[in-house]
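Now, the feature entries from TrEMBL:
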| type | residues | note |
| --- | --- | --- |
| SIGNAL | 1-20 | signal peptide |
| BINDING | 31, 80, 163, 164, 165, 166, 322 | spermidine binding site |
């Protein structure tokens with residue numbers, strides 16, 4: 001009996017190991033997972049994570065498009081790309097019955113036009129795009145709106161986020177237009193304004209826009225809210241400004257590519273990332289807003305009152321989230337290429 005019991009116990013342990021065994025291939029933005037989270041996930045599940053990063057949405061989309069949705073189990077597109085990738089057959093549905101922590105998500109960030117019922121995406125981080133300024137070098141009161149960046153006194157001094165939708169969104173908001181416009185005339189006007197802005201641009205960055213600020217290479221420019229928050233941890237003189245014309249808002253979501261080979265493990269990973277204690281690490285380490293409604297009560301009061309992480313209602317009331325612009329994206333990309341190459 002002891003031998004049989006030992007054999008039975010060994011078989012149970014082996015079965016458990018087989019169920020937990022396997023891998024997960026994650027393709028994510030750079031510096032977008034808190035330290036230790038992947039190791040903790042591997043330890044808890046036995047699933048080995050293969051992790052690689054990209055610097056902007058277009059790089060990720062192009063790679064997934066070429067590979068026809070294969071090669072990765074998790075990718076993290078921004079708001080406007082979810083519907084595009086879904087419509088092109090690059091994503092598969094998420095089985096929310098496998099996500100016990102889905103209930104932790106804020107209702108206000110669910111069921112958006114880009115993914116009704118969240119059939120294909122699960123919010124991970126959200127935030128805004130605004131103006132970063134080093135108050136030690138520049139008086140923040142002199143920079144309150146996007147239009148201020150066009151002042152010729154900022155020649156060769158600005159940072160622009162290296163992202164077509166973000167840069168055009170800034171110019172469109174300056175002109176009073178939607179960041180999701182499909183109107184060729186409005187897009188052209190934004191392009192012409194960006195051309196006028198180019199002499200002021202010192203550097204493009206989408207990998208870690210805070211770094212040029214921290215290095216002293218720039219003291220003014222576009223920056224993502226989370227990057228600004230991380231920068232403040234090293235230099236509290238770097239401030240984040242919500243432009244008067246409005247900030248661009250976005251949600252970056254977990255999605256499962258159509259050709260994913262480890263679908264079950266992908267669901268386990270998403271559910272793990274929705275734990276409140278993981279969301280707490282996201283806020284504390286990455287500085288971005290979390291869609292997890294259970295997190296705010298877990299962080300210290302200083303973070304709860306941080307308007308970068310938890311924007312005030314008057315800012316949110318003017319928020320416009322990025323959406324897919326359909327075929328108009330070709331026009332955006334063509335103008336972007338001309339802008340970057342100077343042709």
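Placement of Cβ uses the backbone N, Cα and C atoms for every residue, glycine included.
Around residue 163 (spermidine binding site), the C-beta neighbours below 8 angstroms that are at least 6 residues distant in the chain are 56, 57, 58, 206. Here spermidine is bound by 31, 80, 163, 164, 165, 166, 322 per the record. The longest Cα to Cα distance in that group is 22 Å. Taking the Cβ of residue 166 (spermidine binding site) as reference, residues of its chain lying under 8 Å away and at least six apart in sequence are, in sequence order, 129, 222, 248. With respect to Cβ neighbours within 10 Å, the binding-site residues 31, 322 differ, and 31 shows the lowest count.
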